[in-house]
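Positions annotated as ATP binding site by TrEMBL: A:Ala26, A:Gly27, A:Ala28, A:Gly29, A:Ser30, A:Gly31, A:Lys32, A:Thr33. Positions annotated as domain 'UvrD-like helicase ATP-binding' by TrEMBL: A:5-290. Annotated domain 'UvrD-like helicase C-terminal' per TrEMBL: A:291-574, in sequence order.
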Amino acid sequence: MDYLKGLNEPQYEAVTTLHGPLMVLAGAGSGKTRVLTMRIAHLITNGIDPFNILALTFTNKAAKEMKLRIAKVVGEGNAKSLWMGTFHSVFARILRSEAHYLGFPSNFTIYDTQDSLNVLKKVLKDLNIDQELYKPKKVQARISSYKNNLITVRAYQNNPELIEADERANMKYIGKIYEKYVEQCFRNGAMDFDDLLLRTNELLTRFPEVLARYQDRFRYILVDEYQDTNHSQYLIVKALSSKFENICVVGDDAQSIYSFRGANIYNILNFKKDYPDAKTVSLEQNYRSTQNIVNAANVVIARNKEQFKKNVFSDNEVGDKIKVFRALSDADEANFVANNIWEQHNANQRKFTDFAILYRTNSQTRAFEDALRRKNIPYRVYGGLSFYQRKEIKDLVAYLRLLVNENDSEALLRVINYPTRGIGETTQNKLIVFADSQNVSLANVLDNLGIYAPHLGFNNGVISKLADFWSMIKAFQVMLKTENVYTVAMEVAQRSGLIKFLKDDQTPEGISRVENVQELMNSMQGFIEEQQQLEDGDPSLSSFLENIALSTDQDKKSENEDQVSLMTIHLSKGLEFPVVHLVGLEENLFPSFMSSSTREELEEERRLFYVALTRAEKQVFFSYAVSRFQWGKITDAEPSRFLSEVDEEYIEFLNPVVESRFVNKSGLSSDIFGDNFSEPRFFKKAEKKKLPSSDEPKPLPKNLKPVASAKIINPSGNSSQDIEVGDRVRHDRFGVGEVVFLDGTDPENIKAKVKFVTEGEKNLILKFAKLTKI
DNA sequence: CGCGAAGCTTTTCGA
DNA sequence: AAGCTTCGCG
């Protein structure tokens, strides 16, 4: 039992407590993954059949990795029958084999958010509902939250309170829309993400024999990231574990960041109420980060009301202080980060993989990509518009979905006239109306075109176009029976005209679309080969489609490449990096303007900040910009309140503290570089110095009103007289250099080209550059 | 019916 | 800025 060596006391306890309910509160960096893997290994070495173990993880990648680590301890043969994966993938598989109970085909389609939105829009159109009043996205969110809380259509209709609430919100047709949407999905033989959980609940409650079967199979259940489970997931776990009660949940309430998709922090906060006999183990020693980082994170998270008492600590070195950089713009911020990474890469011999750039929103990515590319720094962006969400990929995938499940009308309508083949909107609408009136699927109408044609009022041209399209699909289906999936997909891409259509577009975007399709084909081939090698692999098309529907970007993280990682904070959960750049620390961005109105929302944003901070092992850089190009225009920004929540003792400012706190916002274009929200307002140290008389609580950044004139923006800045071409100057950040060029006559706006020894040439606006003559 | 231009809206996080 | 919808013409 070598694997038990080196565990600390609580870790040991968590690993060796095999029976009964157990809650492991694992602080950030406390060796949670290790405990989980060792615990499973320990179960197996103690004679528990791996077949009886179910482990639910947050990403499929985490599952894969943990399985590998377990295999190292107990041997591959033993680890194989272990069931490990995300809620969605595990229960999608179970639903496939039990689909007949629910009246679904076993090859049901899985709709992603976009697909489901498309279906919803069609429903709204069908019902003649004004999409201005019923914004599809809002409706979708509402339905999603019903599903996550197990409010089925029937439950909704029997609940006057809900109906009333929707009426008050001027959404009295929600119930009707909900009903239609569910009907449509059912008819399409499709489940959305929420259905995968909701239908599992339905399966387990309506069919006790099924529940008994899975209860008996999954005698030991482990749930990772329990703080981010929603009610639906909670009920599944509860139902499955209620017979043996060998349930181990692992989580950290301080890292609950998914309430927007229904995660319920009370699942973990109330675990003890659900299982009064539950044992609790707290892992409090952080092995990941320096003391400075851990302490800073603790101070911030302590502001949240709702939480377990924990004392996370680190025995590592004290470490560097967190460095804070104030940038002039988003581009400036990105340059700072890129420079910093470049310097550290050279000076400290850090690999690029050691760095992560974490941000709140995906739209922040671009500036960093530009800056990194300019410096030739290799990077990889995770998340964002994921590969499988690209239009060209979705189009090809829609064809494939249609082959597997021809009732999937969403897929059918997506491809019936793409590439265009003369089956326009009018024709499509006639088809839809007719199919509805006969209560059959679109596929059924196309199957029996000969019989239905007289009732459809199509001319011969349209009929033959429809027949051609459908016989093409049928031919693909026949091919699928004998040929390998890759071959069929290739045939689809070519015969449908998709490839040709894409190739006709020779713009850079068009070329990249063709490449993307190629990449999809490659990944398909890879998938098939991999599945063929696995003993229990499934190289079928529907298996491939399920795989991509549930794949996360993290899942395909490429190893062995020395690249800087760019991702949202949400995606970074569970990862760690030696150096973390947490960027865009501005009010309305982080915390997000969408989540700043209630205490609960703000606390979740704060937990997000905590997650970001605790990703770092050695060093953290905070940065924010005072102006940012956003939504098509330049917007002023104010430092995030979270900056002021970190005690000054853990922080070091890279920019000099600026004398003036004020700037004139009226008139001058240079206002965007204003220092009006510089540190003195927000940090105790500076405040004590500059505002000795002020005992008032710090104002929220929102309320700040800039006053005074632009003249005193930067007393330490340079006027035109000070600096001349040929002068040797020092810059706080770029070091020593020589002025090679001056440009402009307006003293407010003189630009200086300075050649720095280490940094090369920079174009600076003299007024702000704070150059010192030497 | 198909295409492109014009106009309009909408901005978080993601299985 | 980007995505989506609408509109008008060939």
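Here the Cβ of each residue, glycine as well, is placed from N, Cα and C on the backbone.
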Neighbouring C-beta atoms (10 Å sphere around the C-beta of A:Ser30 (ATP binding site)): 26
8 Å Cβ shell about A:Ala26, A:Gly27, A:Ala28, A:Gly29, A:Ser30, A:Gly31, A:Lys32, A:Thr33 centroid, ATP site members excluded: A:Val35, A:Asp252, A:Leu283, A:Asn286, A:Tyr287, A:Arg288
Winner by Cβ contact number (other Cβ atoms within 10 Å) across the binding-site residues A:Ala26, A:Ala28: A:Ala26
Cβ-Cβ distance under 8 Å to A:Gly27 (ATP binding site), same chain, at least six residues away: A:Asp252, A:Ala254, A:Ser282, A:Leu283, A:Glu284, A:Gln285, A:Asn286, A:Lys310, A:Val312
Those residues of the chain, 6+ apart, with a Cβ under 8 Å from that of A:Lys32 (ATP binding site): A:Val24, A:Ala26, A:Asp224, A:Val250, A:Asp252, A:Leu283
Segment-level pLDDT (mean, integer) for the domain 'UvrD-like helicase C-terminal' (A:291-574): 90
